[in-house]
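Here is what Swiss-Prot says about this protein:
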- His12: active site, tele-phosphohistidine intermediate (ACT_SITE)
- Glu90: active site, proton donor/acceptor (ACT_SITE)
- 11-18, 24-25, Arg63, 90-93, Lys101, 117-118, 184-185: substrate binding site (BINDING)
- His183: site 'Transition state stabilizer' (SITE)
Amino acid sequence: MANTGSLVLLRHGESDWNALNLFTGWVDVGLTDKGQAEAVRSGELIAEHDLLPDVLYTSLLRRAITTAHLALDSADRLWIPVRRSWRLNERHYGALQGLDKAETKARYGEEQFMAWRRSYDTPPPPIERGSQFSQDADPRYADIGGGPLTECLADVVARFLPYFTDVIVGDLRVGKTVLIVAHGNSLRALVKHLDQMSDDEIVGLNIPTGIPLRYDLDSAMRPLVRGGTYLDPEAAAAGAAAVAGQGRG
């Protein structure tokens, strides 16, 4: 029986709206210069740790696609198969998309802000169809009716996990090293599943931008090390703390 392959998770590098502290969701924004540098460094880390991917999965959003391209280029793996799916997209933040996080917190209060941002099953108010930051006219999502109008993390789990188990796991089972370049909440959804985290536990999980997270899995697709291993633990801890602090001030 072939050994199970390694799984490498990577949140996209810092985006323009990360830097501005805005709720992004499905709005298609690019990377900052810092985010591009993070993407290049992530590829270097992957190569240094001999985790050269055989296949890459990413979302339909440019911040993830660009990160993936830069990381693969840095690791000299631009030639591997790339598979994109909306199921790896960031959580849709509904009517919060485009809003400043600190201003939203000040307007609605800490409790409501954190419920929308980090709870497992509380979605923000839905976005209005045809509004500035909606996706109902985006051709990428024509086959799914323009996509959701809002999501909680449970919704992301429901759309991502079937794709993981039905598609991605097949590559892992034949020993391939799989790189997933996605988003804070789509990766939180996957980590919740892998580590069998409770709904309460997942509230406190923050995934930093641009730092690869390695999971080695057994034949049942359970991690040998719960929580995986960041390839740059010190930078990951600092990055996660920065994510946790968004909305302050």
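From the backbone N, Cα and C atoms, a Cβ is placed for every residue, glycine too.
Positions of Swiss-Prot features highlighted on the structure.
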residue	record	DSSP (3 states)
Arg11	substrate binding site	strand
Trp17	substrate binding site	helix
Gly25	substrate binding site	coil
Glu90	active site, proton donor/acceptor	coil
Lys101	substrate binding site	helix
His183	site 'Transition state stabilizer'	coil
- Note on the structure: By Cα geometry, the one of the binding-site residues (Glu14, Trp17, Lys101) nearest His183 (site 'Transition state stabilizer') is Glu14
- Looking at the binding-site residues Gly25, Gly184, which sits with the largest number of other Cβ atoms within 10 Å of its Cβ? Gly25
- Query: Tell me, how many other CB atoms lie within 10 A of the CB of His183 (site 'Transition state stabilizer'), whichever protein chain they belong to?
  - Reply: 26
- Message: Here's one to test understanding: among the recorded positions Gly25, Glu90, Lys101, Gly184, whose C-alpha is closest in space to the C-alpha of His12 (active site, tele-phosphohistidine intermediate)?
- Response: Gly184
- Query: What Cα-Cα separation, expressed in whole Å, is found between Trp17 (substrate binding site) and Glu90 (active site, proton donor/acceptor)?
  - Reply: 13
- Query: Arg11 (substrate binding site) has how many other Cβ neighbours within 10 Å of its own Cβ?
  - Reply: 30
- Note on the structure: Quick note, Glu14 (substrate binding site) and the residue listed as 'active site, proton donor/acceptor': C-alpha atoms separated, nearest Å, by 14
- Task: Would you pick out, from the recorded positions His12, Arg91, Lys101, the residue whose Cβ has the largest number of other Cβ atoms within 10 Å?
- Result: His12
